[in-house]
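According to Swiss-Prot, the Zn(2+) binding site annotation covers CYS9, CYS12, CYS28, CYS32. Feature annotation from Swiss-Prot assigns region 'Disordered' to 45-64. Sequence annotations record features per position, and here Swiss-Prot assigns compositional bias 'Acidic residues' to 54-64.
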Amino acid sequence: MSEETIVNCPTCGKNVVWGEQSPFRPFCSKRCQLIDLGEWAAEEKRIPSAGDLSDSDDWSEQQP
């Protein structure tokens with residue numbers, strides 16, 4: 001007996017079965033997948049950062 005895992009589409013909230021029958025998972029459709037990609041590209045979404053990265057401008061891979 002196998003249980004289906006159901007997740008909500010991050011874009012529209014529709015139920016999506018997590019499995020081979022849902023090729024765009026966790027999204028319900030290609031449309032929702034592209035909407036999400038567009039939001040990341042437009043910087044409407046971002047991963048929060050706890051630190052101040054202002055000192056990273058002087059960073060270099062070269063050894064002193």
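The backbone N, Cα and C atoms fix where each Cβ goes, and this holds for glycine too.
Shown are the binding-site residues CYS9, CYS12; the one with the most C-beta atoms within 10 angstroms of its own C-beta is CYS9. Counting every protein chain shown, the Cβ of CYS28 (Zn(2+) binding site) has 21 other Cβ atoms within 10 Å.
Using a 10 Å radius centred on the Cβ of CYS32 (Zn(2+) binding site) and all shown protein chains, the other Cβ atoms total 19.
The Zn(2+) site is defined by CYS9, CYS12, CYS28, CYS32, and by the 8 Å test on Cβ atoms against their centroid, the other residues of the chain that qualify are PRO10, THR11, GLY13, LYS14, VAL16, PHE27, SER29, ARG31. According to DSSP, CYS9 (Zn(2+) binding site) is assigned to coil rather than to any helix or strand.
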